[in-house]
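Database features (TrEMBL):
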type   : residues : note
DOMAIN : 3-87     : domain 'CS'
COILED : 104-198  : coiled coil
REPEAT : 375-408  : repeat 'TPR'
Amino acid sequence: MPLQVSNYSWQQTSTAVFISVPLRGVSVRDADVFCTENYLKVNSPPFLFEVFLYAPIDDESSRAKIGNNIIVFTLHKKEAAMWETLSLSGVDKEMMQRIREKSILQAQERAKEAMEAKAVARREDQKYTLGVMMKIEEEERKKIEDMKENERIKATKELEAWKECQRKAEELKIIQREEKLYHQEKQMKEERKKLKHKCLTGNSASKNLATKGTVINSFWERRNSENIFFEKLKEDSIPAPRSVGSIKISFTPRVFPTALRESQVAEEEEWLHKQAEARRAMNTDIPELCDLKEEEKNPEWLKDKGNKLFATENYLAAINAYNLAIRLNNKIPLLYLNRAACHLKLKNLHKAIEDSSKALEILIPPVADNANARMKAYIRRGTAFCQLELYVEGLQDYEAALKIDPSNKIVQNDAEKIRNIIQGTELESK
């Protein structure tokens, strides 16, 4: 049976009541304080203190301070007045039970209202976050559409300019060809006049006939040469067919910065094969993704979007972007690694440990190409362990990170701090 505490003291002003209750060995962890408008109870086994207050108090603004084997209550009155006594007089057991039950019901109602208010606030936060994310996505989409439109307009202008240049070049060629034909025709007419003049000034008929035959022959020769010239001009206007050729392509072999005596070619090839499989693995048949655009179904695009949101300290929206990218492709280690960083910022320490561990599972085999990512995963998991006061596990992760990069001064200093904390804890426990 609990021991009733009766050796308490109290003082009052017109607006507040101060109660001092001595409890031997009382601590914040063991004391159970329950306070409503008309009822105050402290349960710290084996001690029990309860009082049925003389008048209502404002329990939300009232406070209790525990320390040095004593509890001090500061109760604010709802109405400014001096009390005759601290507790009601003439209260029987039945009335006490009614006051207790009423106080419990009031506390339950208040807890329910607080829970509903918290749920409403959480929904409002989610709604606001979704609105901000949709606004950012709309701005990104509009920016991409504007870039596409600008590129289309630019390409159209360049094509029109090229067509105009081609048209002017064709017109210039036609003009030059017509001028050349005109000069040739003019020259032929002048030669005909000269021949005709020679024929009329001849002295003898034979000479005239001979001259005439010569003129006729020369005329037909010029006519044939003219026809040959036109054929040649026609052939020159048609471009020659293109020559056949072949293009040789040579690929540079991938070379890792690893000494031959420490070669990890097999592990590196396995890592490259895993990365190629991860890029090919896409879960685009998820029903919720049918309304998204093609770029929004790309895990790399979502990863970059999450990185931008992380840079603006919008960690919840960044987590949403990484979540969608992981649903599309759960083989990319950087998605888990970046989401772990967001959880660290939001103090979701167990989730940060889980994501860092998942990233380390995917970052196998350990090669030089993924050394930086493995070091980040160890550091983030070690940080989460230390914030959970699991310093031994955190030190193990920091030492694993130092094996990857032994010259990192920041990691060395953090590991030394963790060792000092562990040694100090051991000394205190001794």
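Cβ atoms are placed via backbone N, Cα and C, with glycine included.
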Taking helix as H, G and I and strand as E and B in DSSP, count the residues of the repeat 'TPR' (375-408) in helix, strand and coil.
27 helix, 0 strand, 7 coil
Can you work out the mean pLDDT of the predicted model over the coiled coil (104-198)?
88
Residue counts (helix, strand, coil, in that order) that DSSP gives for the domain 'CS' (3-87):
0 helix, 50 strand, 35 coil
